[in-house]
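Participant: There's a structure below that I have some questions on.
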Ligand code: PFF
């Protein structure tokens, strides 16, 4: 069967940007930036996006387009041995498991959207609202809705499913984001938030901040999840991978910045005396606990109906962002089963979907509903739930390892000249350019070293409660 392709470069760019733009950009980034030096953080983040993440992104896309395979197929075909095949497996199991936790979060967002539309904003803003909702039976109705929608999109395939959905949802998302930014900036005290987000304070940049910024940039671009290998395998040969990669990185950064102009002004208009340190580090805390309070407070100005409208608008925006990311991550194991077992898309989707839903239900029950699932394991000084376990193991730990292995694979197994040849297809001026030399050099040297450090530090921090980087930076007097 001939492999499907995106119909144009733009189709691929929107699909890949859809994957990259998620709750990471919309919520985690603005809070991180404002706590860690505003524009100073932004500059460093942008530097990491283009100088560390972009080469990895280009490598994944090239590997996918060259092999026309999912990650398992790509590692098997080029690796030619058991060890690389095992890495291939890892890069399919990882997105499968990340898909499970992302599905749960998307279901929460869908639930908040539904409740805001139904006029239950007051429940969402209640301090206990989140805990009650994630442990309610209603949740499973929303899960059915999200799973149904995801299936509907993925069943359409690359062109009629993924590309069609993202070419509608992504432009809508941009327009909605800009509309919300404009609205929020008109609120009283909004400029205080803008100031916090944009005034640079380089004294806040510590070793820890650098580490956090890099990890955030890396994960936010959907790297090391097999997504860009899989989507890359659907790019046409005459499309320019390099300029598409730059566009995707740029769009993701742009959304993150716009979102900063939304979240922080909103927080300050809610409470001009707010201490930035009060803002939750976690996206979950911000989206599901803090922001609903802000929306409800708008009722003083625009009434309950108006406040519910703005809240629904915001959750719809986040829901679109989450759906396009969810679709991209589930496509990885789906493509692997289709390629590897020769199954039809529909059969691959049903078998995988069933397994995923079972795991998502188990995760959803691990927030207190079933005791042993909620306290399944203790490590690093904390008791963890089934959901935490998936998050820690796959998102936090295995992702940087996958990234590291990918760099080594591309440069030392597939070899630089093959990577160059693939990147030069559809891009006549690439050969001999600065970027070509930079990509080759960085992927073979300092990028894998940085990823190795992040990996080791994460393992030590999460499982042993020992943060190697903090100790190191304070020993050299750099906090
Ligand atoms: N860019 C996504 C985000 O920021 O939320 C990263 C992502 C995470 C994509 C998980 C897909 C996914 F399943």
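Heads up, the Cβ atoms here are built off N, Cα and C, so glycines get one too.
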Participant: With TrEMBL as the source, which of 279-301, 348-370 is set down as transmembrane segment?
Facilitator: 348-370
Participant: So if I exclude everything within five residues of the ends of the transmembrane segment (130-154), which remaining residues of that chain have a CB under 8 angstroms from its CBs? That is, six or more out.
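Facilitator: Answer is 103, 106-108, 110-112, 114-115, 123-124, 161-162, 165, 288-289, 323, 326-327, 330-331, 334, 345, 349, 353, 357, 360-361, 364, 367-369.
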Participant: Is the transmembrane segment (302-327) in contact with the transmembrane segment (39-59), using three or more Cβ pairs under 8 angstroms as the rule and ignoring pairs under 6 apart in sequence?
Facilitator: no
Participant: Quick one: find which recorded stretch in 87-110, 166-186, 213-235, 247-268 has the most Cβ pairs under 8 Å with the transmembrane segment (12-33).
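Facilitator: That would be 247-268.
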Participant: Which one, 87-110, 213-235, 348-370, has the most C-beta pairs under 8 Å toward the transmembrane segment (302-327)?
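Facilitator: Comparing 87-110, 213-235, 348-370 against the transmembrane segment (302-327), the winner is 87-110.
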Participant: At an 8 Å Cβ cut-off, counting only pairs 6 or more apart in sequence, do the transmembrane segment (166-186) and the transmembrane segment (348-370) clear the bar of 3 or more pairs?
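Facilitator: Contact criterion not met.
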Participant: At a Cβ cut-off of 8 Å, and with pairs 6 or more apart in sequence only, do we get at least 3 pairs between the transmembrane segment (213-235) and the transmembrane segment (390-412), yes or no?
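Facilitator: The transmembrane segment (390-412) and the transmembrane segment (213-235): touching, yes.
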Participant: May I ask for the residues of the chain that lie six or more residues beyond the transmembrane segment (87-110) and have a Cβ under 8 Å from a Cβ within it?
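Facilitator: For the transmembrane segment (87-110), the far contacts come to 23, 70-76, 79, 133-134, 139, 142-143, 145-147, 150, 224-227, 229, 284, 287-288, 315, 318-319, 322-323, 325-326, 329-330, 332-333, 336, 352, 356, 359-360, 363-364, 387, 390-391, 393-395, 398-399, 401-402, 405-406, 409.
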Participant: Taking residues 6+ outside the transmembrane segment (390-412), which of them lie with a CB under 8 Å of any CB in it?
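Facilitator: For the transmembrane segment (390-412), the far contacts come to 56, 59-60, 62-63, 75, 78-79, 84, 87, 90-91, 94, 97-98, 100-101, 215, 218-219, 223-226, 359, 363, 384, 419, 440, 443-444, 447-448, 451-452, 454-455, 458-459, 462.
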